[in-house]
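Undergrad: So Swiss-Prot says this about it:
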| type | residues | note |
| --- | --- | --- |
| BINDING | P168 | substrate binding site |
| BINDING | H198 | heme b binding site |
| BINDING | S199, D255, S258 | Ca(2+) 2 binding site |
| DISULFID | C46-C122 | disulfide bond |
| DISULFID | C79-C84 | disulfide bond |
| DISULFID | C128-C331 | disulfide bond |
| DISULFID | C205-C237 | disulfide bond |
| CARBOHYD | N63 | N-linked glycosylation site |
| CARBOHYD | N226 | N-linked glycosylation site |
| SIGNAL | 1-25 | signal peptide |
Amino acid sequence: MQFVNFFPLLALVVISLAGKATVEAATGLNPPVKLVWHYYKLTNTCDDAETYIRYQVEKFYKNDSSIAPKLLRLLYSDCMVNGCDGSILLQGPNSERTAPQNRGLGGFVIIDKIKQVLESRCPGVVSCADILNLATRDAVHMAGAPSYPVFTGRRDGGTLNADAVDLPSPSISVDESLAYFKSKGLDVLDMTTLLGAHSMGKTHCSYVVDRLYNFKNTGKPDPTMNTTLVSQLRYLCPPRTQKGQTDPLVYLNPDSGSSNRFTSSYYSRVLSHNAVLRVDQELLNNDDSKEITQEFASGFEDFRKSFALAMSRMGSINVLTGTAGEIRRDCRVTNANDGA
């Protein structure tokens, strides 16, 4: 696959997306139902919903810029498991957020706050699934990403099923990663682009220690990791944590660090073998993802445009519309269990 002549077309694709009123939404992104741009304004049900959401995100972001990577991970964890139906927001003993892969998820507080505000203004109208998509868009835009169009009209799912969480380990190979993304209707460009979200945020040392001390049971670090990075991470991540000790956190992109800025430095780090997670470094082991990585490392605007398209595609996976699902009154519980 050749991408050399593809990237100049991304701007046209994003512009055409912004100019359309609807987008197909489901597995493979080709279903019989549709999402609508500015759904709540178009249907005259909550004209200022997106304005309310943006205002709350701005308030939170000014106090804590880490909400950008937190919301990105939260949205990914929602959309990639049974689609973008807000089910990751549900609480309960068997909810998706209790799955091991979702340990350390954040961003719930801001979603709950936004929902409270919208319920006071437009009760029973704006779905939690749409709130999560719109809030994520606004937060990452504040961090430096493009403000891509978010098509709305999603409804909320009501299934609590931790066993359904099939999010892969961050230590998988590029072939395994690509197979997972393809199973969700996404492609190698989407995968390489969405992994660029690791340009900000943190990860637990437990996801990195195998690369630092005993890669593939060799008793040695991952030979693809820059030796300086190995030393830096070993200082922060012990080979094992004792009972009762917390699992330390390290930055996914030390170049961004606490600023949580959306940049293309992630791709430069991959090329120089300074990726923290194996799944990121593995991008060089596939011809297509390597070519895309090289392009994004040298062309930030190409990355920004591709990110806008990939987020729109991910946000359209297996959505509920029409009479399917419900509009939750409280994002943490289904209406049947709300007690209101």
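Backbone N, Cα and C define each Cβ position, glycine as well.
On a predicted model such as this, the values are computed, not experimentally measured, just so you know.
Quick one: where do these features end up spatially?
TA: The Cβ of P168 (substrate binding site) lies under 8 Å from the Cβ of E176, S177, Y180, V279, each of which sits 6+ residues away along the same chain. DSSP assigns P168 (substrate binding site) to coil in the three-state reduction, outside any helix or strand.
H198 (heme b binding site) is surrounded by 24 other CB atoms, counting those within 10 A of its CB over all protein chains shown.
Cβ neighbour count for S258 (Ca(2+) 2 binding site) (all protein chains, 10 Å cutoff from its Cβ): 10.
Contacts of C46 (disulfide bond) defined by a Cβ separation under 8 A and a same-chain sequence distance of 6+ are given as Y40, L118, R121, C122, V125, V126, in order along the sequence.
Counting Cβ atoms from all protein chains shown, C84 (disulfide bond) has 27 others lying within 10 Å of its own Cβ.
Mapped onto three states, the DSSP output places C331 (disulfide bond) in coil.
Look at C205 (disulfide bond): DSSP puts it in a helix. Cβ environment of C205 (disulfide bond): L233, L236, C237, P238, T241, D247, P248, L249, V250 lie under 8 Å away, each six or more residues apart in the same chain.
Within 10 Å of the C-beta atom of N63 (N-linked glycosylation site) sit 8 other C-beta atoms, taking all shown protein chains into account.
Mapped onto three states, the DSSP output places N226 (N-linked glycosylation site) in coil. Around N226 (N-linked glycosylation site), the C-beta neighbours below 8 angstroms that are at least 6 residues distant in the chain are S272, H273, N274.
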Undergrad: Please report the distance from the Cα of S199 (Ca(2+) 2 binding site) to the Cα of C84 (disulfide bond), rounded to the nearest angstrom.
TA: 23
Undergrad: Out of C79, C122, C237, which of these disulfide-bonded residues shows the lowest number of other CB atoms within 10 Å of its CB?
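TA: Among the disulfide-bonded residues C79, C122, C237, the sparsest Cβ neighbourhood within 10 Å belongs to C122.
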Undergrad: To the nearest Å, how far is the Cα of C331 (disulfide bond) from the Cα of S258 (Ca(2+) 2 binding site)?
TA: 29
Undergrad: Applying the rule Cβ within 8 Å of the centroid of the Cβ atoms of S199, D255, S258, what extra residues of the same chain belong around the Ca(2+) 2 site?
TA: M200, Y251, L252, N253, P254, S256, G257, S259, N260, R261, T263, S265
Undergrad: Sequence gap of 6 or more, Cβ distance under 8 Å: name the residues on the same chain that satisfy this around C128 (disulfide bond), in order along the sequence.
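TA: The list for C128 (disulfide bond) reads G86, L89, I111, K115, D156, R328, C331, given in order along the sequence.
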Undergrad: May I ask which residues of the same chain, at least 6 positions away in sequence, place their Cβ under 8 angstroms from the Cβ of D255 (Ca(2+) 2 binding site)?
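TA: Counting only residues 6 or more apart in sequence, the Cβ neighbours of D255 (Ca(2+) 2 binding site) under 8 Å are T263, S265, S268, R269.
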Undergrad: Enter the number of other CB atoms within 10 angstroms of the CB of C331 (disulfide bond).
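TA: C331 (disulfide bond) is surrounded by 23 other Cβ atoms within 10 Å.
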